[in-house]
Amino acid sequence: MENRAYVGDCEVNATSPGYGTTNTGNSQIRVTTWEAQRTESGLPPREKWSKNIEFLLSCVALSVGFGNVWRFPYTAYKNGGGAFVIPYLIVLFIIGRPIYYLEMVMGQFSNRGCVKVYDLAPAMRGIGVGQTIAIFTVLTYYTSVLAITLRYLVASFSPELPWSKCDPGWTNCVDSNFKGNFSFNANITQPSTSAELFFKKTVLHATTTLNNGLGYPDWKLTLCLIVAWICIIAILIKGIKSSGKASYFLAIFPYIIIAVLLVRSLTLEGAWIGITYLFRPQWDKLLTIGIWYEAVTQCFFSLSICFGAQIVYSSFNNFSNNIYKHALIITSLDTITSLIAGCVVFGVIGHLAHVTGQTDMSKVVQGGAALTFITYPDTIAKFDFIPQFFSVLFFFMLFLLGIGTLIGIVTSVITAIHDQRPDITRWKIVIGVGLTGFAIGLIYITPGGLIVLDVLDYYGVTLVTLTLAVFELFTFAWIYGVNRICKDIEFMLDIKTGKFWRVCWGILTPITLLFILLISLYRYKAQDVPFGYNAFGWCLYSLAVLQVPCWAVYSVLQNGHGLFLFDRVKAVFQPNGSWGPEDPVTRTNYSQYIEQYKRQTIEQSSTRMRKLINVVFQ
C-alpha cells in the first residue's frame, strides 16, 4: 500500500499503552496490530520514520539552511555584532527552544499535520491553514534562490570563474580577481566589481525598479529551477521512506564542507579582522527594540518554527520517541552552525578587505542575496589556489542546505493536503505541488524578481508567521492548556515537565511574541515598490490571517445541530472525539487517563484563581 508504515530502531517502552511489541537491536519491526486493522478497514496507516536517526537528521536538514549561512552573519553584523549574539541566545532560550519542543510534542502525540493537529480546538484550525499558505509562499521563492545557487554551482566548473573578470560590454567595472585598493576620482562614480555586475547583469538581468514591470524569466535560471524541482520531487515521491534516506547525505555532508571552508577561511590573510568585526559588540544597540525584533525573526527563520513543518515531521514519529532529547540537540546544533557560518563568511570578508586595502568594513559587507552571490564570489575570485574548487564547495554546500530545508517545507504542504484528502494518492500531490511551485517560482527569476521576493517575504511570511505564532501559542497554552500538554507528555514519554517549560509556554513566550508583533506593526513602513505590490502584500497577509476567524465561524456552523449557540461555541474550542494518539488502544487508555486527571483537577481547583494558576504551575 502506498502509505505503508514502517517502524524500526525505535525507543519503544514495553509498557507503553497500545504497543504489544518492542524493538530489539537494529531490527526492522513491522507495525503494530492496530495498523494492520486499519489497513484491513481501508484506511492507510500513517507513514513512520524507518529509524529515529532519520527523523533527527531530517530535522537538522530542515533547520540548518540559508538562514545560517548568509542571514545570520549579516543580521549579526547589522545589529551590533557580538552584542546581537546576546539577545539571539536569550530569544533562542525563551522562544525558539520552547516552541520547537512544543511543536514536536503536539505533532508526535497526535500523529497529525499542521492543520489536523488543531483537532484539539477545531475553531482554531485556520491557524494551520494560514501557516500552510505562509510556508507555500516560502516554498515558491526558496526554490528560486536555490536555482540561482545551482546556476553559480554550474558556472564554478568553468576553467576561469566567469565573474572574475569584467565583460567587455560592462562600463565602470573592476575585475574581481584584482588584488589591491583601486582609487578613483571623487567626481566619478565608484566602480562595481565584476562579481556584482555578473550577478545583476548576467544572472538576473536585474532591474532597480518595478515601474516597468517584472520582465521575463532568464532561460538558464528556468532550467536550474526545473532541476531543483526534479531533485525535490524525486526525493519526496516515495514519501518519508525516501526523504529519510536522503537525510543522511543532506544533513551530514554540508558539515564536512563547512569544516573545509572554515579551515580555509581561518588561514586566509586578514580573516581575523573580519571575524573580530563580526563579533565586536556594540553595546548601545542592546537598548534598541530593533535588535530584539531581528533576533526573533532570525530565530524563526533559522529554526523553521511556527511554519508547521516541525509538527509534520514529528507526526511521523513513533509515539514514545524521545523528542525532548532531540529538541535540545537540534536547537543547540542550529545555533552552533550559525556561529561557525559567521566565522566562515566574515573570515572571507576580512580577507577581501585585506587584499583590497579597504579599511572601512561597512563598505565591504553587503546583506541578503548580495552577501552570498556578490561578496563571497568576489573574494573567491581573488584566491591564489584553485578558486574553482572552493567555489564549487561553497555553492554545493548551499545547494544541499537548500534542498534539505525545502524537503521539510514541501513535506509540510503535501501533508496538509493529504490529511484533508487521503483519497488522493501521495505522488499526485507531490507532482501537483511541484508544478504549482515551479510556475509561481518563475516570478522570482525575472529581472524584478528579487524585489518581489522581499515584498512577499515581508508581508506573506514574516508578518504572517509572527501573527499566527501568537495564535498558535495561545491555542496550545491557554485553550488546550499547558497543564494538559504536560499530562500528554507524561503519558507519552513518562517524564515530568519542569517549571521552565510551563512558564515559557504559558506566559513568557506568548507575551514576548505578542509584544514583538505589536512593535513590528507599529514600526511598519511600506516597501519601496509601486502601491499595487504593497496592496497585494496586505492581501496575502489577510488571506493567511483571516483563515483563523473564517474557520472558527465554519466550525461553529458545522457543529452540533440543534444546540444553543453558546454550546456550539464552547464545543469547538474543546478537543473533538478523535483527538489523541493514533493507536485506538492507546487512545482509549489516554481517554481514561485524562478523565482521571480532570476529576482530580476539579477537586483541587475550588476557585477561579486556583484554576488559572493550575494552567501553568500545577
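The backbone N, Cα and C atoms fix where each Cβ goes, glycine too.
In TrEMBL, annotation is done automatically, which means it is predicted and not curated.
Listed in TrEMBL for this protein:
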- Val64, Asn68, Ser302, Leu401: Na(+) binding site (BINDING)
- 53-70: transmembrane segment (TRANSMEM)
- 82-102: transmembrane segment (TRANSMEM)
- 133-154: transmembrane segment (TRANSMEM)
- 219-237: transmembrane segment (TRANSMEM)
- 249-275: transmembrane segment (TRANSMEM)
- 295-316: transmembrane segment (TRANSMEM)
- 328-353: transmembrane segment (TRANSMEM)
- 392-417: transmembrane segment (TRANSMEM)
- 429-452: transmembrane segment (TRANSMEM)
- 458-482: transmembrane segment (TRANSMEM)
- 503-523: transmembrane segment (TRANSMEM)
- 535-557: transmembrane segment (TRANSMEM)
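Feature map: TrEMBL annotations on the structure.
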| residue | record | CB count, 10 Å |
| --- | --- | --- |
| Val64 | Na(+) binding site | 28 |
| Asn68 | Na(+) binding site | 26 |
| Ser302 | Na(+) binding site | 25 |
| Leu401 | Na(+) binding site | 27 |
| field | Residues close to Na(+) site centre defined by Val64, Asn68, Ser302, Leu401, Cβ within 8 Å | value | Ser63, Gly65, Phe66, Gly67, Val69, Phe72, Asp334, Thr337, Ser338, Ala341, Thr405
| Apart from its near flanks, which chain residues at least 6 from the ends of the transmembrane segment (295-316) lie with a Cβ under 8 angstroms of it? | 46-49, 55, 58-59, 62-63, 65, 67-68, 71-72, 75, 79, 84, 87-88, 90-92, 95-96, 99-100, 103-108, 110-115, 117, 128, 131-132, 134-135, 138, 240, 323, 331, 334, 338, 405, 408-409, 411-412, 415-416, 462, 465-466, 468-469, 472, 512-513, 516
| remark: Listed stretches 82-102, 133-154, 429-452, 503-523, 535-557 vs the transmembrane segment (392-417), most Cβ pairs under 8 Å: range 133-154
| message | Can you work out whether the transmembrane segment (133-154) touches the transmembrane segment (82-102), with the criterion being 3+ CB pairs under 8 Å where the paired residues are 6 or more apart along the chain? | response | no
| query | Relative to the transmembrane segment (429-452), which of 53-70, 82-102, 219-237, 249-275, 503-523 accounts for the most Cβ pairs at distances under 8 Å? | reply | 219-237
| message | So if I exclude everything within five residues of the ends of the transmembrane segment (249-275), which remaining residues of that chain have a CB under 8 angstroms from its CBs? That is, six or more out. | response | 57-58, 60-61, 64, 337, 340-355, 361, 390, 393-394, 396-397, 400-401, 403-404, 407
| In the same chain, who gets a Cβ under 8 Å from the transmembrane segment (82-102) while lying at least 6 residues past its ends? | 75-76, 278-283, 285-286, 291-292, 294-296, 298-300, 302-303, 305-306, 310, 323-324, 327-328, 330-331, 335, 339, 469, 473, 476, 485, 501, 504-505, 508-509, 512-513
